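Taken verbatim from TrEMBL:
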type: TRANSMEM; residues: B:12-33; note: transmembrane segment
type: TRANSMEM; residues: B:45-63; note: transmembrane segment
type: TRANSMEM; residues: B:69-87; note: transmembrane segment
type: TRANSMEM; residues: B:99-118; note: transmembrane segment
type: TRANSMEM; residues: B:138-165; note: transmembrane segment
type: TRANSMEM; residues: B:195-212; note: transmembrane segment
type: TRANSMEM; residues: B:248-267; note: transmembrane segment
type: TRANSMEM; residues: B:273-289; note: transmembrane segment
Amino acid sequence: MSDATRVLPVVTDASAPPATPAATPVVEQPWRPSRGGWVARGVVWTLLGWVVLALPLNVLSPFEVGVTDVDVASLAVIYAIGALSLNVLLGYCGQISLGHQAFVGVGAFASAYIVTNLQLSFFLAVGVAALFGAVQAVLLGAVSLRLTGLYFALVTLAYGSFAQETLFGITSLTGGEGGKPAPRPEFFTSGYRYYYLCLAFLALVLWIDWRLTASKAGRAMAALRENPRVASSYGIDVRAYILVAFAVSGLFAGVAGALVAHHDEVIVPSSFDFRLALLFVLMTVVGGLRSRTGVVLGAIFFALLEEGALVSMFRLEGFFEGLLGLPTEFVSLVVGPVLLVLTLTLYPGGIGQQVAPIRLWLTGHRFDRHAGAVDDVEVNDVRA
Amino acid sequence: MSGLGQEVGVAIVTGLLQGCVYALVALGIVLVFRASGVFNFAQAEFGTTGLFAAYAALTLWGWSYSWAIAFGLAVAVAMGLLTERLVVHPLRNASRVTVLVGTAGVALAAIGIQFWQFNETLIMTMPRIVDSFFLVPVIGAPVTVQQLITLGVLVVASLVLALFFRSPAGLTIQAAQQEPTAAELVGISVRRVSMLTWAMAALLGGLAGILSGPNLTFTAGFLSFGAGRALLPGFMAAVLAGMRSMPGAVAGGLTVGVVEQMGTLSFMIEVPGARAMLLFGFLLVVLMVKPHGIFVPRTAVAA
């Protein structure tokens with residue numbers, strides 16, 4: 001159980017703002033599950049831990065997971081980091097970014113350059129990539145301070161295509177269309193070990209994200225998302241905290257970029273296109289803004305769908321390819337937007353809302369079917 | 001004329017003609033923004049969807065060109081109406097960035113459906129309406145008849161829009177946009193007006209797609225991020241127009257077209273992605289210096 005708690009975003013509970021306080025105040029003695037309840041929770045925790053930690057390594061497992069499947073799992077974990085990065089901007093701060101592929105790409109090329117051209121260590125490269133991501137995000141954030149939400153969306157869109165074509169097109173730095181090799185670090189060359197490396201970084205990112213929301217900065221962001229003028233009248237430095245959000249988002253995106261570069265081992269500029277940016281938006285919104293569990297699950301869902309793993313896992317090729325004539329690689333493009341529109345109009349809490357009762361139950365609360373209900377996908381336009 | 005002077009001349013002519021497509025997209029964006037305050041990221045995909053429908057009718061089913069165009073426009077309009085019904089109307093009380101995400105979702109869905117339905121031939125070509133070109137006398141810029149037709153359509157569309165907004169129906173739309181509650185009180189159906197605006201915007205987008213597609217080869221997402229990208233330039237043109245002015249959108253579209261073509265000049269050849277860089281820089285400068293737009297009538301700024 002202890003292993004599982006380290007990886008899975010249970011820790012979020014303390015900070016999930018609207019869900020918990022409603023349930024607790026009336027009861028004097030905090031509610032505790034019975035002994036049977038604890039056992040049931042323990043069983044589910046063990047199962048979860050097994051799926052995340054043991055299954056990919058073929059330990060204690062009847063299934064045979066191949067290297068390609070583990071690579072898909074690593075990609076899902078990396079996408080989760082990227083989606084958490086967008087969640088900081090879109091969820092906590094209400095700033096939309098349609099150029100998030102550039103945030104990730106900057107980290108990817110920075111890390112590949114350091115490892116390939118400068119022959120420095122992978123872990124240093126990840127750090128520098130995170131730093132690069134943060135710096136470019138803060139620069140873009142400085143622009144956003146002068147614009148309303150809608151106009152800023154345009155700037156990020158233009159920045160995305162500028163980064164893809166101009167920045168990543170500088171052949172001496174990025175290798176141009178020929179691609180840039182990004183070898184994996186020595187100990188982690190095998191796909192199985194690389195998966196655990198990605199998992200460790202996801203845990204780190206989740207921890208930073210949790211500390212962010214649990215701190216003054218997180219509360220300041222929530223306040224300025226709701227109403228920047230009121231927030232600033234309470235003494236919150238709106239500009240500074242928006243820049244903090246950009247820095248953290250860029251940091252996460254840089255880490256995701258570095259990991260994706262060494263995951264693919266060769267990166268080309270064209271893989272950081274507008275579709276990737278929209279994919280990140282899908283993951284965060286469908287996952288449920290501001291819900292760490294939801295965003296991670298959303299990212300995993302779309303990563304598996306994108307790579308075709310989900311379709312083959314549930315034996316749906318017959319349905320999609322045979323009945324609908326829809327090739328597996330395009331399933332996410334067709335299913336994703338439908339889910340997005342459904343989330344926006346009917347289930348604003350996304351996946352995070354659907355799993356909130358289970359999440360609370362797992363952390364030792366009563367099973368409450370209505371936990372985590374959200375009325376609206378509150379993406380406010382800051383200063384609009 | 002020779003050397004740089006000729007190059008600039010060619011770039012200006014090409015830019016203006018390419019700008020016609022941007023202007024058509026921008027007109028649709030401005031129309032929708034005035035009606036619902038929404039940045040419609042699906043505007044360019046109305047065009048691509050219309051283009052794909054026309055392509056299917058013309059090359060796959062062997063219809064005549066005029067019927068193919070009519071079918072393409074009809075599909076674009078249907079998509080516009082569906083977007084209004086399924087996404088924009090249910091989200092009318094949500095924040096504007098939420099609606100923006102919704103329209104981006106519509107664009108992505110359209111791209112997905114295009115990939116799905118046309119996955120046998122990934123790169124498509126479509127014959128032009130009139131397949132010939134000539135050189136502009138002094139400058140020597142090659143101009144296709146297709147591009148001239150686009151220019152003509154833009155002129156006609158602008159005139160029709162200008163006349164329309166002076167007619168009773170057009171005034172109804174303006175009234176509903178400015179004061180929805182008061183408009184309801186005097187008997188204007190705001191819902192119908194919203195549908196009408198989205199249909200018009202989709203029609204403009206469809207025209208942009210069907211007219212620009214035959215100039216190049218096209219793939220799914222052609223007008224959003226494919227070879228004939230017009231989404232970002234269209235938005236920039238709309239920004240230049242302060243998101244409100246129709247004549248401004250046309251002027252903005254032509255300006256953006258020319259600015260973008262400056263990236264093809266020979267001294268920019270070393271710069272990778274020069275067009276994208278120019279567009280990004282131009283957008284930043286415009287938003288920093290003149291965030292209310294340039295081609296805006298004085299009264300519109302005061303309002």
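Cβ atoms here come from the backbone N, Cα and C positions, even for glycine.
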- Are the transmembrane segment (B:138-165) and the transmembrane segment (B:12-33) close, by which I mean at least 3 Cβ pairs under 8 Å that are 6+ residues apart in sequence? yes
- Residues of the same chain, at least six outside the transmembrane segment (B:12-33), with any C-beta under 8 angstroms of its C-beta? 39-40, 43-44, 46-47, 136, 139, 141, 143, 147-148, 150-151, 153-154, 157-158, 161, 197-198, 200-202, 204-205, 207-208, 211-212, 223, 228, 230-231, 233-238, 241, 243-246, 248-250, 252-262, 264
- Message: Within this structure, do the transmembrane segment (B:69-87) and the transmembrane segment (B:99-118) have 3 or more Cβ pairs under 8 angstroms, counting pairs 6 or more apart in sequence?
- Response: yes
- Item | Closest-packing stretch to the transmembrane segment (B:69-87), where packing means Cβ pairs under 8 Å, from B:45-63, B:195-212, B:273-289 | B:195-212
